[in-house]
Amino acid sequence: MPESTLKHRSLQEDNTTADQDLIIEQDWQLPEFTIKEIRDHIPKEYFNRDLLQSSYWVIHDLAIVGALFYASTYIDYLPTKFQWVAWPVYWFLQSIVATGVWVLGHECGHQAFSDYRTVNNVVGWILHSFLLVPFHSWRLSHSMHHKKTGHIEEDEVFLPKTRSMAKLPKRENDPEGDGPHSIFEDAPLYVIFHLCVKLYFGWPFYLMFNSTGPLAKRKEKNLSHFNPKTSIYEPRHFWQIIVSDLGLVLMLGILVYAAKMTSTWEVVRYYALPYSFVNCWLVCITYLQHTDPAVPHYSAKVWNFQRGAALTIDRPYGFGIDYFQHHIADSHVAHHFFSTMPHYNAVKATRYIKKALGSHYLRDDTFIPLAAYRAQNLCRYIEDEGDVLFFKH
C-alpha cells in the first residue's frame, strides 16, 4: 500500500506554554496565519465573479451532456458485443461531465457564479434539480461544512468516528493498540467492498439521513434534507426547503413521463445509471479532499476557520477529469479559504495560496483509486481525547 505523499510537520520550538498543554499527535505544527495574510497574496481580480464567463461554462457542460446523450442513441445500432462496451463508456463519460454540471450548481450555492444572488439561486436550483439534488437544502447544510472544516465535533461531512463510537476498548486496555482490530480489516476485498458501498450509497444516505454529520453522530433523528422541519435547518429556511423539494418533484415527474413515453429501461440506461455514477464522484471527491492518514482533525480548543481550511487536500485526478469537473478536486484548498471565488480563478489562485501557506499547503498526487483504498483502510477512527487527532485503523 503506497505511503501518503503528504508530509507531517514538527512542532515549532517556540511553542507557548498554552500549546504545550495541548494533546497533539505526531508533533503536528499548528499554523498561525490569518485569512487576511493569505488573501493579500492573491491578485484582487481573482475574486471577481463574471456572469458571462460562468454562463459560458453552463452552456459548455450542457452542450457536452447533450452531445453524449445524442451519441448514445446510436449504441443500439452497434453489434451486440460492442454495445457491452459502449454503454459503460457512455455512463462513465456522462457521469464525469454531469459532475461538472453539479460543480457549477455548487458554485451557485456559494454565490460564486455571479454578483447576483437571484441569478445564482435560480441557476443553481435548475442545475441541481436536474441532478436530483435539493439545492437550498444541500446549500444550507454544506455551508456548515465550510464554516467548521476539520472540527472534531462540528464538521458537516465525513466526521470521524471516535474510539468509543467504534466500540473499541480504551487505548490503554486495547491489546491491538492503534489497530487493525480484525483479521478482516486489512483484507483487500473487505476494504474494497466497504469503499464501494460508501461511494455508491454515501450521497443518497447523506441526503436522507445526514449520515456523516454531527447531528447523526449525536444520534438525533429526523435528519432528512427533504424535511423542512428537521433540526438541520432553522424555521426561516422552511420555504427554501420546500422549493428544493419541488425541484426534485418536477424532475422526477419528467423522468416518469419519459419512462411512459419510452420505457423504464430507457430512462435507466440514459439517465439513472450515469446519475448514480455522478453520486459516486461526489462522494469520492469530498471524501478524499478531507480524509487521509496524514491529515488530522482539530478540537474546539485549537480549531479556527483558517486552520480548518488548511486541512483540505488538493488532489489532481488527471486524464482530463479535472477540466470537465472544473478543478473542484485540485484547487479545493483555494475554494475552502475563499468559497465565493469562481472555479476559473481558483485554479490560478492556487499557486499564490501554495506560496502563502508554505509547508501547510496540502497536495497529494497519489493515483485516486489507491488514495481511496488507503483512506478506507487506514482512516477508521480517532481517539476520544486530544486536540490534534489523526486517523487510526
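Glycine is treated like the rest: Cβ placed from N, Cα and C.
Taken from TrEMBL, the feature domain 'Fatty acid desaturase' applies to 86-363.
Feature annotation from TrEMBL assigns transmembrane segment to 56-75 (among others). Here the transmembrane segment (56-75) has long-range neighbours at 83, 86-87, 90, 93-94, 97-98, 100-101, 104, 123, 127, 270, 324, 326, 343-344, meaning same-chain residues at least 6 beyond its ends whose C-beta is under 8 angstroms from one of its own.
Here TrEMBL flags 87-106 (among others) as transmembrane segment. Residues of the same chain lying 6 or more positions beyond the ends of the transmembrane segment (87-106) and with a Cβ under 8 Å from any Cβ of it are 54, 57-58, 61-62, 64-65, 68-69, 71-72, 75, 113, 123-124, 127-128, 130-131, 133, 135, 142, 269, 273-275, 277-278, 280-282, 285, 321, 324-326, 328, 343.
Using a Cβ-Cβ cut-off under 8 Å and counting only residues 6 or more beyond its ends in the same chain, the transmembrane segment (118-138) has close neighbours at 51, 58, 98, 101-102, 104-109, 111-112, 207, 225-226, 233, 237, 240-241, 243-245, 247-248, 250-252, 275, 278. Look at TrEMBL and you will find 118-138 (among others) tagged as transmembrane segment.
The transmembrane segment annotation in TrEMBL covers 189-209 (among others).
Here TrEMBL flags 238-258 (among others) as transmembrane segment. Remote same-chain residues near the transmembrane segment (238-258) are listed as 125-126, 128-130, 132-138, 140, 225-229, 266-267, 271 (criterion: CB distance under 8 Å, separation of at least six residues from the stretch ends).
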